[in-house]
Amino acid sequence: MQKTNKFLKIGNKEFKSRLLVGTGKYSSLEVMQKSLINTKCEIVTVAVRRVQGLEHGHKGLMESIDWKRIWMLPNTAGCSNAEEAIRIARLGRELAKLAGQETNNFVKLEVIPDKKYLLPDPIGTLKAAEQLVKEGFTVLPYINSDPLIAKQLEEIGCATVMPLGSPIGSAQGIRNAANIAMIIAESRIPIIIDAGIGVPSEAAQALEMGADGVLINSAIALAENPILMAQAFSKATEAGRDGYLSGRLKENPLASPSSPLDGVISNN
């Protein structure tokens, strides 16, 4: 993507904030509400299956968020194959309409058959993405940090790709920076790092690398003080983006004095 300070553009929508936030795992809806405010986010993910099933922590979720201010990103969490993900994506679009977002065709596509490490299925993701793009969805697929899959998803019309930093909820940070750097370098669509980020400095690292945004859930929701951590991630995301735009000092194997040596008083 071009090195610019314009808004984050996904599909035909523009957003000031580059921090996307999940809505799961909070101790209460009140903590979630206050945390979302502190993140200054404009996009939140909602697990369609969990909201519909009124699972613990999701009852009352739809009524707890100001959908006039925040854009809903329905996700297909819990889907293990392409067919299931396509069906849930369609339900997600209806959920967004119920929230008053009639033109919202966004979907965070997750196809995860692996229950231990929660790694996405590249073949199922590609299959589901292709169909959803045909149906007019703005598709944001969650993927492994595989440059080839990222490029294929871009070519079929996905609005962004969301490579994982490390497994979901693991707080291991960005373990595959080289692959993610390749994806960023070769992409013409926004890259949003999703999963594995545990602390604000890792969010800053992602933005400094040139990623267009980050999606955070567990690192905020499960922090000792989620509301304060939300604020920290907001600041880190802004700092990381500014650092990227500023152009970092290049690494050098040799030292370089901060003060010039010309004119230094000698002992002679």
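Backbone N, Cα and C atoms are what each Cβ position is placed from, and that goes for glycine too.
Summarising the annotation, Swiss-Prot assigns active site, schiff-base intermediate with DXP to LYS108. If you look up Swiss-Prot, you'll see GLY169, ALA195, GLY196, ASN217, SER218 marked as 1-deoxy-D-xylulose 5-phosphate binding site. Residues or ranges marked as compositional bias 'Polar residues' by Swiss-Prot: 255-268. Feature annotation from Swiss-Prot assigns region 'Disordered' to 248-268.
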Whole-number Å value of the largest CA-CA distance among GLY169, ALA195, GLY196, ASN217, SER218, listed as 1-deoxy-D-xylulose 5-phosphate-binding: 10
Largest tally of Cβ atoms lying within 10 Å of a Cβ, found at which of the binding-site residues GLY169, GLY196: GLY196
Three-class DSSP secondary structure - GLY169 (1-deoxy-D-xylulose 5-phosphate binding site): coil
Set of same-chain residues at least 6 away whose C-beta sits under 8 angstroms from SER218 (1-deoxy-D-xylulose 5-phosphate binding site): GLY22, LYS25, ILE168, GLY169, ALA171, GLY198
For SER218 (1-deoxy-D-xylulose 5-phosphate binding site): DSSP state (helix, strand, coil): helix
Distance, LYS108 (active site, schiff-base intermediate with DXP) to ALA195 (1-deoxy-D-xylulose 5-phosphate binding site) (CA atoms, angstrom): 13
Shell list (1-deoxy-D-xylulose 5-phosphate; ref centroid = CB of GLY169, ALA195, GLY196, ASN217, SER218; cutoff 8 A): GLY22, PRO167, ILE168, SER170, ALA171, ASP194, ILE197, GLY198, ILE216, ALA219
Cα distance (Å, whole number) from GLY196 (1-deoxy-D-xylulose 5-phosphate binding site) to LYS108 (active site, schiff-base intermediate with DXP): 17
